[in-house]
Each structure stands twice: as structure tokens, then as C-alpha cells.
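Worksheet: the structure to be examined is printed underneath.
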Amino acid sequence: MEDLSETFDIYAICACCKVLNDDEKVRCFNNKTFKGIGNAGVLPWKCNLIDMKYFSSVTSYINENNYIRLKWKRDKYMEKHNLKNNVELNTNIISSTNNLQNIVVMGKKSWESIPKKFKPLQNRINIILSRTLKKEDIVNENNNENNNVIIIKSVDDLFPILKCTKYYKCFIIGGSSVYKEFLDRNLIKKIYFTRINNSYNCDVLFPEINENLFKITSISDVYYSNNTTLDFIIYSKTKEINPNEEVPNNTFLGVCDEQNKAFDDEDDYTYFSFNKNKENIKKNSEHAHNFKIYNSIKYKNHPEYQYLNIIYDIIMHGNKQDDRTGVGVLSKFGYMMKFNLNEYFPLLTTKKLFIRGIIEELLWFIRGETNGNTLLEKNVRIWEANGTREFLDNRKLFHREVNDLGPIYGFQWRHFGAEYTDMHDNYKDKGVDQLKNIINLIKNDPTCRRIILCAWNVKNLDQMALPPCHILCQFYVFDGKLSCIMYQRSCDLGLGVPFNIASYSIFTYMIAQVCNLQAAEFIHVLGNAHVYNNHIESLKIQLNRTPYPFPTLKLNPDIKNIEDFTISDFTVQNYVHHDKINMDMAA
């Protein structure tokens, strides 16, 4: 037997609170805890703006592209039952149904509970289920024609309307007896259910949901409004898509990879996005017109888009701040990226990166060096601006020789806790060799949860030319594979982060090889993520470039000691990239 809720896309939407005194009777909460929907003919709670906004968004939203699929499905039903030419337009149907809208169905009491200024619910076809209410009652109530309202006497009267009306979805919006009849007759496809997390006096309850038939399939964020928290859940009566079903070529079957997901999962995602802060969305709207190509890419699944999406989010929604350098930034706090090192080497392709410089700097760290001249002799200028006389003097390091960068990354990796004098001193066997220790743990105690390398030495911060940006990494071994997670406190999206992604990925490959493991995953956690003002225009260019497939990285398999690697032991294969983009470093 056909499921009419599926054919005609009939949903329920309701908000339920906890019932006062129920908490005292039972201390074991479950999905039935939230069941109160009315008291003395009105809502048990005072106006909740968040729930009202959600209700309006869900019941007003339409998707013209998805409607093609819905209409095709309904037409097939009509043809199958020889109804296509037999259904006449009901005289009660409003003329405005040529405009695609949703239908909302409610009982008489629910209609009467709506404030007059909101009647009828705008941009929706209002259907009232009542044996006693008459059309003239509605006209007289608001002194207008209320053409957007239809009165039916029974649930069965709804289906002739659904069969001959252009509509997107049909929502049952109350009250209790109406919900119950539709549920009892298996006429509800999904329930959009608001959980108002407070207790109120209630004399009307939502009917019990058959949890063998309906399962919770989506849960929203948690919100606060009118002195209570609330969230939104979706109960779904899931229907697997029949792979043999005839489907028109131009219809959309859903955004999820699993083929058994219904097409309207996309709508559910949109519903849950109802409360995006409009001011935030338009925060930096002066940049919005610059991302035509970026915005034309519908599914941004290439892993490089993790990085590009962060930049886009910061440029469009970031907070404008002054900063230490005087350049100024747009910034946001807290992101994460994951890269599968078993499949590719995440060397960004939307601009050409200086891979030799990345590797030389990493080898310099591994050797525990602090002498910037070593890098300059190799024409690697990453640290040049931080080693000048002016920069060191600004850090009150007047005694420090030019390009003596102090106890920075490599020194902390190899000599943590040792007393630093200058870049010429010999620190062999001084301090804690963290790098040696983590390699030993990976080899001999791989399940240890203390495989941590830390560059943030509070005692030494004032002695460093620049306190570390990427401050801590941890390693994880499972099934012969090594993963690394790195936390970065200060994240220069334009210049620094692309290098950091590549550097710690290479570092993971190197440690994996010397420990006889395979590289698995690099996870990058970003704290203060920022775009410098003088990088914005360059990054707009980068965002409008389409990523290429990532390259692969090959290491000399004969190297078994981390200190024995040289630049010639690294081969990047098939690095396809866009042109270099110049950006000035803010020092």
C-alpha cells in the first residue's frame, strides 16, 4: 500500500515543553519528557522568538529545484490511479496557488490561537480542519476576504486539495487531536519537533510518538530564548530510495553520499540554518562580489577547500582587529583541518609554494639550530625579517647578534630547559631532547598518550626573536600507522599556514619512516586564525582558483635516523599548481 505521507509530502511541526510537576514524579528523562503543547487555549510559554522564527522558516521555505521531483512523484501517483484527468479544481482553492507555497493544516482551536495580526499565516496556504467553522466567520473576523484560507471538514477532504493544488510541502501544525489523527492514520512523513527545555502548566499534550515507526535523525544546535534553552529535532519515517524507480534526469536526489537518504535532507539542512546571524553574514559584505568562481563550486570536497573555506569565512565574517604588527587583521577563533597522508601530500595547489624552503626550515628545526644565517646561506629567507637589528631591538634583545633567533622551535625540540647563551654555543646533551624521546616512545610504547613535542617554554619566551606560533604536536599510533595533531596559537592564513600544513605533514612522514610505520593523518588545529589586511586582495585571487590534485611525497627509504635526512632525500612527485602569489610578511 502506498504511503500517502510520502506521495504528498505531509509533515508535522510542533513545539513541546516539559509539563510542570512531571519532574517531581519521574527522574528518568526520555523522548516523552517534552510533550506539553497548550494550556487554556494558548501556548504554555510566553512568546519564544527563536521557535517562532524556526516555525516560520520551515513552513515558508520552498525549493523550486526540489519541487520538480515532488511534482513528478505526485503526477506518477495520479497517472497510476487514473486521477490525472478526473480531478477538478475545488472552488475553494485560491487563485494564488500558481505561486509555489507550502500548505499549513490546523484545527479550529489552533487557528483561533493565532493572533489576528498574523492571520492568515503569510505566504502559505492556510487550511482549517473544522466541522463548524464557516468561511464567513473568517471573513468577518479580520474584515477582509482571507482568500488564503480553505476550510475542510475532515482529513479525507484534504487529499482532493493536495491532488489539484500546486504546493511544495504540507505541514500539520496542530492541535493535539489533529496531530493524533494524522499520526494514527500513518499520514506523517517527518515530525519537526521543538524541545522547549522548561516546565509549564499544560492541559494539552502532543500524542505519543511511535518510536518503532519514527526515529530521531537530526538534532540542531542549542539556543537560548525567553529564559530557556531549546533545540530542534527531526523524527523521520525513513524511506529507502528504490534503485529501480524511474526518476527524471534533471531531478535532485539529495546531498548525502548514502543512496538511501531522501531528497529533502537538503531542506532539513536549510531549516537548521534558520538562525544564522544576518548581521554576521553581511559583516564584511564589501568583499562579497569578489568570489564568483569560488561560489560557483557547489561541492567543495577537495581537501584544499578546508584551508580555502577558512580564508573565505574570515574575509567575509572575521572580526576587524588591530595587531602587534600594525598592519591590522580580520580574525576568528578556532578551526580544524584533516589531511589523509596515506593518500596524498597536502602541498597547496592554488598557489606555488616554496617547497625547498619548507624542507630546509624543518631540517634546521630538527638539528636544533637557531642561527638564521644557515638558512640565508641556502637562500631561504623565512626568518630574515625576524633576525634584523631593528626587530631584535624591538624585542629588547639588544645583546643578541643579528640573525641569532634565540631558543626557538629547534632549540626547544632538542634542548628543552637548557640555558640559552647564543647561536654559537654547543648545546649537545643539554636539556631534554624531546624529539629523541617521542621517537623512542613511538617505537617502544606506541599506545602511550604522552607522545608530545612542545615548543612553548614560558621561561624562554622573552629570549626568542618570535615566540612559537605552532606550539605543540602529539602523535598517535594505530595499526602500523602514525598520525599527528598540531595546535597552532597564531595562524597567518596567507603566508604561514600553507607552510605549516606542508611542514608538519613532512615531519610526520619522516618520523613514520624512521619508526617503520606508515603516515596516516595530519590534523591541524588553529587558534587565532587571521588574514592580514595587506593579504586580502591576494587571497581573493587564490580563492577563485580551482585546486588541482595534491602531489605525493617520496622519502629516501634508506634513511633510518631522523638526523640523517638531507634536502636530496625528498622528492615531490606531480606537483601541479597555480602561479605564485606574492604577499608581504607582517613582522
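Heads up, the Cβ atoms here are built off N, Cα and C, so glycines get one too.
Listed in Swiss-Prot for this protein:
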ACT_SITE  CYS469  active site
BINDING   36-42, 108-110, 129-132, 174-181  NADP(+) binding site
BINDING   ASP51, ILE173, TYR179, THR194  substrate binding site
BINDING   ARG324, HIS470, GLN488, ARG489, SER490, CYS491, ASP492, ASN500, HIS530, VAL531, TYR532  dUMP binding site
DOMAIN    9-237  domain 'DHFR'
REGION    301-587  region 'Thymidylate synthase'
Of ILE173, CYS469 (the recorded positions), the residue whose Cβ has the fewest other Cβ atoms within 10 Å: CYS469
VAL42 (NADP(+) binding site) and ILE173 (substrate binding site), Cα-Cα, nearest whole angstrom: 14
Longest CA-CA distance among ASP51, ILE173, TYR179, THR194, per record bound to substrate, angstrom: 19
Candidates ARG131, ARG324, HIS530: member of the binding-site residues with the richest Cβ shell (10 Å): HIS530
For GLN488 (dUMP binding site), the number of other Cβ atoms found within 10 Å of its own Cβ: 24
Rounded inter-Cα distance in Å - ARG131 (NADP(+) binding site), TYR179 (substrate binding site): 17
By Cα-Cα distance, the member of binding-site residues ARG324, GLN488, ASP492, TYR532 nearest GLU181 (NADP(+) binding site): GLN488
Max CA-CA distance, Å, over listed dUMP-binding residues ARG324, HIS470, GLN488, ARG489, SER490, CYS491, ASP492, ASN500, HIS530, VAL531, TYR532: 21
Same chain, 6+ residues apart, C-beta under 8 Å of the C-beta of TYR532 (dUMP binding site), given in sequence order: ASP323, THR325, VAL327, GLY328, VAL329, ASP492, GLY494, MET583, ALA586
Cβ neighbour count within 10 Å of VAL42 (NADP(+) binding site): 12
Mean predicted confidence [pLDDT] for the region 'Thymidylate synthase' (301-587): 96
Rounded Cα separation (Å) that holds between GLN488 (dUMP binding site) and ASP51 (substrate binding site): 38
CB contacts for TYR179 (substrate binding site) [other CB atoms within 10 A, all chains]: 24
SER490 (dUMP binding site) CB neighbourhood, other CB atoms within 10 A: 19
Lowest local Cβ density (other Cβ within 10 Å) among binding-site residues: ASN39, SER110, THR194: ASN39
